[in-house]
């Protein structure tokens with residue numbers, strides 16, 4: 001099989017391909033929600049990670065889809081990352097994945113079918129480790145390579161974690177360092193330092209299965225995964241959904257090695273600026289460096305947890321037992337204006 005650099009065939013990369021929240025709001029502006037089924041617990045009225053349907057006796061089906069263009073050159077790694085990222089949405093709702101379907105767009109006039117086969121192999125590898133079947137899918141001929149999954153999961157009604165369920169005085173925790181967008185952009189521009197090679201891939205392939213474990217903790221009030229909208233974009237969804245302000249402890253935020261150097265080199269993804277444009281109304285003034293970190297689009301990023309103080313120790317113990325580092329990055333508070341929650345950066 002020929003060596004190929006997949007990122008050279010796409011105009012975007014990973015979750016940085018996502019439409020910005022601002023554009024998405026414009027697209028959905030004319031949408032008028034009609035009556036929905038009482039069994040649809042989480043649908044398109046909220047900004048959650050997946051849809052949730054109650055099937056009775058306290059049990060739910062969780063459904064999500066996620067796909068994007070290559071963020072790495074290697075086909076097998078592209079499949080692994082896309083699958084890990086898609087399955088994460090189930091974990092972020094507190095659910096257990098049970099099945100996945102592949103979504104493949106492939107430029108058959110530019111890239112050999114065998115290369116797409118390697119992408120599928122990577123996804124199948126991740127699904128196997130998650131204990132689920134890659135049970136089928138759908139493919140089209142497209143101008144650029146696209147891959148992802150539609151994932152089905154299950155959960156308990158009283159353990160579903162929604163962005164709207166966070167409460168005042170919850171502490172905020174993050175389970176992976178920021179900087180995926182900066183490092184992958186540096187690699188695409190041939191500026192990645194040798195000691196950082198493979199680091200972003202390693203983190204992007206780390207599953208967020210801890211979300212399934214934390215579903216059992218009542219004091220863990222909300223969970224969302226930090227992906228294409230960046231930390232501030234996904235935190236905004238929690239703040240708006242729960243009508244709370246957020247206070248972010250900037251020095252506490254975990255970063256991948258080299259992030260500040262790559263900011264100086266200018267390897268800032270285009271998605272960073274789109275993300276900032278969507279959240280700037282909730283912020284006081286921040287520096288360009290802070291924007292590059294807090295709005296950096298993550299692909300298969302970590303979980304953002306809102307945890308009542310009484311449950312922090314139990315949550316941290318669970319994370320440690322599962323080999324996960326949860327870093328406290330801030331807190332949620334009662335806002336001065338419930339209609340216009342704010343995010344305050346503490347330096």
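Using the three backbone atoms N, Cα and C, a Cβ is placed for every residue, glycine included.
Summarising the annotation, TrEMBL assigns active site to 15.
According to TrEMBL, the ATP binding site annotation covers 18, 46, 47, 48, 66, 89, 137, 138, 139. Taking Cβ-Cβ distances under 8 Å and a sequence separation of 6 or more, the neighbours of residue 89 (Mg(2+) binding site) in its chain are 49, 50, 64, 66, 151, 225.
Residues or ranges marked as site 'Important for catalytic activity' by TrEMBL: 18. In the three-state DSSP assignment, the secondary structure recorded for residue 18 (ATP binding site) is coil.
TrEMBL lists 48-154 with the feature domain 'PurM-like N-terminal'.
Under DSSP, residue 225 (Mg(2+) binding site) is assigned to a strand (E or B) in the three-state scheme. The feature Mg(2+) binding site is assigned by TrEMBL to 49, 89, 225.
If you look up TrEMBL, you'll see 172-335 marked as domain 'PurM-like C-terminal'.
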Residues near residue 137 (ATP binding site) in space but at least six apart in sequence (CB under 8 A):
101, 102, 103, 104, 149, 150
Got a sec? Which of these binding-site residues, 49, 66, 225, has the most Cβ atoms within 10 Å?
49
Residue counts in helix (H, G, I), strand (E, B) and coil for the domain 'PurM-like N-terminal' (48-154), per DSSP?
36 helix, 45 strand, 26 coil
May I have the list of same-chain residues other than 49, 89, 225 whose Cβ is within 8 Å of the Cβ centroid of the recorded Mg(2+) site, in sequence order?
48, 50, 64, 66, 88, 90, 91, 92, 93, 208, 224, 227
